[in-house]
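Visitor: Please see the structure below; I have some questions.
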Amino acid sequence: MMRGVTMVLLLPMLVWAGSECKARCCLTNISITVESDECGSCITVNTTACTGLCRTQERAYRSPVAPYFQNTCNFRDWTYETIQLPGCPLGVDSSFTYPVALSCECSQCNTEITDCGAFSMQPSSCHTHAYY
């Protein structure tokens, strides 16, 4: 009986150990749904982003003098790629540019280049999909 319990407890650890990211801040593949009313199209673009956990500590006492911040998993290096949306009439800009993460780091969220608000866990979607 003890052997069966041990295997049940070890299985989640093996699955966790086999994951590439292991919960640390790293690159991951994501899909972005892009919908254009002008072009009448909805496509899904595959790219990379940063995801995972960063070491942080919660202070027992927050001093008004000492700055308080927590590190989050952010892009370190990135580039942009541009695609042409299908179905656009003449005169409509069909280009869509999106970020592609090249590397990640644990750092303070830079509000000048990043939306540091809460992330929606609901998947984005539209009526028809095309994958690029």
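Cβ atoms here come from the backbone N, Cα and C positions, even for glycine.
Reproduced below are the annotations present in Swiss-Prot:
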SIGNAL    1-17  signal peptide
DISULFID  C25-C73  disulfide bond
CARBOHYD  N29  N-linked glycosylation site
DISULFID  C39-C88  disulfide bond
CARBOHYD  N46  N-linked glycosylation site
DISULFID  C50-C104  disulfide bond
DISULFID  C54-C106  disulfide bond
DISULFID  C109-C116  disulfide bond
Visitor: List the residues of the same chain that sit at least 6 positions away from N29 (N-linked glycosylation site) in sequence and have their Cβ under 8 Å from its Cβ, in sequence order, or write 'none'.
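Guide: Looking at Cβ-Cβ distances below 8 Å from N29 (N-linked glycosylation site), excluding near sequence neighbours, one finds N46, T47, T48.
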Visitor: Which one is it: of the disulfide-bonded residues C88, C104, C116, whose Cα lies the shortest distance from the Cα of C54 (disulfide bond)?
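Guide: Closest candidate to C54 (disulfide bond), judged by Cα separation, is C104.
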Visitor: Between the disulfide-bonded residues C25, C39, C116, where is the Cβ count within 10 Å the lowest?
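Guide: Ranked by other Cβ atoms within 10 Å, the disulfide-bonded residues C25, C39, C116 bottom out at C116.
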Visitor: Just checking the disulfide-bonded residues C88, C104, C109: which sit within 10 A of C25 (disulfide bond), CA to CA?
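Guide: Close disulfide-bonded residues: C104.
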Visitor: By a 10 A CB contact count over all chains shown, which of the disulfide-bonded residues listed here is most packed: C50, C88, C104, C109?
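Guide: Counting every other Cβ within 10 Å of each candidate, the maximum falls on C104.
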Visitor: Run through C39, C73, C88, C109, C116 for me and report the disulfide-bonded residues whose CA is within 10 Å of the CA of C50 (disulfide bond), in sequence order.
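Guide: Of C39, C73, C88, C109, C116, within range: C73.
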